[in-house]
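Enquirer: Take a look at what TrEMBL says about it:
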type: ACT_SITE; residues: B:C82; note: active site, nucleophile
type: ACT_SITE; residues: B:H186; note: active site
type: ACT_SITE; residues: B:E188; note: active site
type: DOMAIN; residues: B:5-201; note: domain 'Glutamine amidotransferase'
Amino acid sequence: MSLSKRIIPCLDIDCGKVVKGIKFENTRYAGDPLKIAKFYNEQKADEIALLDIKASYSGKNNTIEVVKKIANEIFIPLTVGGGIKTCKNIRELLNAGADKISINTAAVLNPKIVREASDKFGSQCIVVAIDAKRKTNKNIKEDWEVLTYGGRKNSGISAIDWACKMVKYGAGELLITSIDRDGTKRGFDINLIKTISQRVNVPIIASGGVGNLDHFVEGIKTGKADAVLAASIFHFGEYTIDKAKKYMAKKGISVRF
Amino acid sequence: MAIIIIDYGIGNLYSVANAIKKVTKEKVYITNDAKKIKLSNRIILPGQGAIKDCIKELKKKELYWLLKEIINTTNKPVLGICIGQHLLMESSEENKGVFGINYIKGIVKNYKNKNFKIPHTGWNIVYKHKEHQIWNGIKSGSRFYFVHSFYVKTRFKNNVLGVTEYGGKCANVITYYNSVITVQFHPEKSSSLGLKFLKNFINWLP
């Protein structure tokens, strides 16, 4: 097992500034995406994800400037998401230095965008992000629904079926976020991650709910995730990426130091 | 005199250019201009997506034969990255089989292993197979960033500089012949060791 499992810190961006993660050990990193990205890079983050939380992507959006700044100085994969709708948007972000583009709501509204984008730019740069919410009906077997618009809108689509469909359409990777767990610090929705990971043959990034280092281990060992994404656990300085990797290595997970 | 990144409309050329600029003061151009390519002192051939499309675009922009000519008749150092590596081989099993530029004797193969996630995505270990200047300051067993679904197997072991295990296969992830080096992983995305690799290429005088 030589391919390492990845840790991906996620920066939530609003108007060109990192939000949510303001509380570093010292405040000099506060808000500046480049400084925060550099800090994570020094800690051996395996990738960096940038999410434009207002999803208000437009050509003039600050996100492009943020991507340019980071890509000029940090040489690890950079995934960018939030409100991306067209191949033109994707082209602009790739030209700015992004490596992978994460598509969420736009894929639900128009699944063909995934096929078109993966044909044009290659599957390796198209990540489909799925926000999934557990269905509460006890009479049916365990299932999840895809939500759009940052978890605000129901789509009626089964997350498992959707994951399989998106892979057929050319997604090179899936980013699975549990809306039930997001922000709760109770850990990933392991059954959700595991069910999808076993059904598809592309790498799975688990997201939503990390509160301690055991959650990473659980997501990878039990959930069969290939990568784990987290925001607040790193932003607030509770844990460093290095510490997380050491812990995972101790639990027998292959990581990159 | 400059370093050229060949632009045939495919691949993330800006990442490569950014990384190259970080390690050299020489001029770096992203171009498909034959004159500039001929006058350059080093060429980087990137590539992403499907190999058939890459060959189609290279041929459409008349870069295919130009590249072949440069490689076969000059000593200009060329670095093929990812699909750029695949393009320099004899043929590939991708897209139901295609022929490559055929400079290095090797085949691009399908992993054909359902127990492994494809594409092979992430940081994997590269072992040194043979000493070469490209390894300067880089330890055997270092990790580099990969994202690919097909892998290279050369006919001759003496073309191999580095290997990586995945999907039960031992891929030839760094290969060379004369002034051409090919690499499966993305040095431009492999942090400080990747930059070192690119710097070694730029300092290399074959």
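Placement of Cβ uses the backbone N, Cα and C atoms for every residue, glycine included.
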Enquirer: By the DSSP assignment reduced to helix, strand and coil, which category contains B:E188 (active site)?
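Expert: The residue in question, B:E188 (active site), is helix (DSSP, three-state).
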Enquirer: State the Cα to Cα distance, in Å, between B:C82 (active site, nucleophile) and B:E188 (active site), rounded to an integer.
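Expert: B:C82 (active site, nucleophile) and B:E188 (active site) have their Cα atoms 11 Å apart.
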Enquirer: Just how many other Cβ atoms lie inside 10 Å of the Cβ on B:H186 (active site)?
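Expert: By my count, 27.
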Enquirer: In sequence order, which residues at least six apart in the same chain have a CB under 8 Å from the CB of B:E188 (active site)?
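Expert: Expected: B:S15, B:V16, B:N18, B:A19, B:I20, B:I81, B:G194, B:L198.
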